[in-house]
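What TrEMBL records for this protein:
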type	residues	note
DOMAIN	1-159	domain 'Kinesin motor'
BINDING	Gly5, Gln6, Thr7, Gly8, Ser9, Gly10, Lys11, Ser12	ATP binding site
Amino acid sequence: IFAYGQTGSGKSFTMQGLPDPPCQRGIIPRAFEHVFESVQCAENTKFLVRASYLEIYNEDVHDLLGADTKQRLELKEHPEKGVYVKGLSMHTVHNVAQCERVMETGWKNRAVGYTLMNKDSSRSHSIFTINIEIYAVDERGKDHLRAGKLNLVDLAGSE
């Protein structure tokens, strides 16, 4: 899911939103709710939910949740898993509240700067990723492992 538009058009608000009132929650917190509602309803299934948060600022990739948020990370390509960010931290989350804390921590580490249109403009692209691994046993006792990834992207202003 991508949020794209001019500086000040509401991209970051659409993605992040406000915690209160609940009708002002953004796409990212609503995605957390949807993921954990689905996890709680599944029977005979185990889930591993992990989150990462990165930014691309001046063509450099930074881990917004890492020990050193200023450290530049490298994009790599793997024949099986595709393009990935080497050294990007993944954080296991067990509920919506933990996801929200991870999101808020990363949000505080984003690069912001003054523009003529918005004094607190995010000057970077950010990608919040939710990784889900699902382990299930079918009626015949056979194991199944599936994985999915949801990328929630807040692009910098397009002007």
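Using the three backbone atoms N, Cα and C, a Cβ is placed for every residue, glycine included.
Annotations in TrEMBL come from automatic prediction, not curation.
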Let me know how many other Cβ atoms fall within 10 Å of the Cβ of Gln6 (ATP binding site). 12
Around the Cβ of Lys11 (ATP binding site), the count of other Cβ atoms that are within 10 Å: 21
Can you work out the mean pLDDT of the predicted model over the domain 'Kinesin motor' (1-159)? 86
Out of the binding-site residues Thr7, Ser12, the residue with the smallest number of other Cβ atoms within 10 Å is Thr7
Taking every protein chain shown into account, which of the binding-site residues Gly5, Gly8, Gly10 has the largest tally of Cβ atoms within 10 Å of its Cβ? Gly8
Near Ser9 (ATP binding site), which residues of its chain come within a Cβ-Cβ distance under 8 Å, counting only those 6 or more away in sequence? Gly157
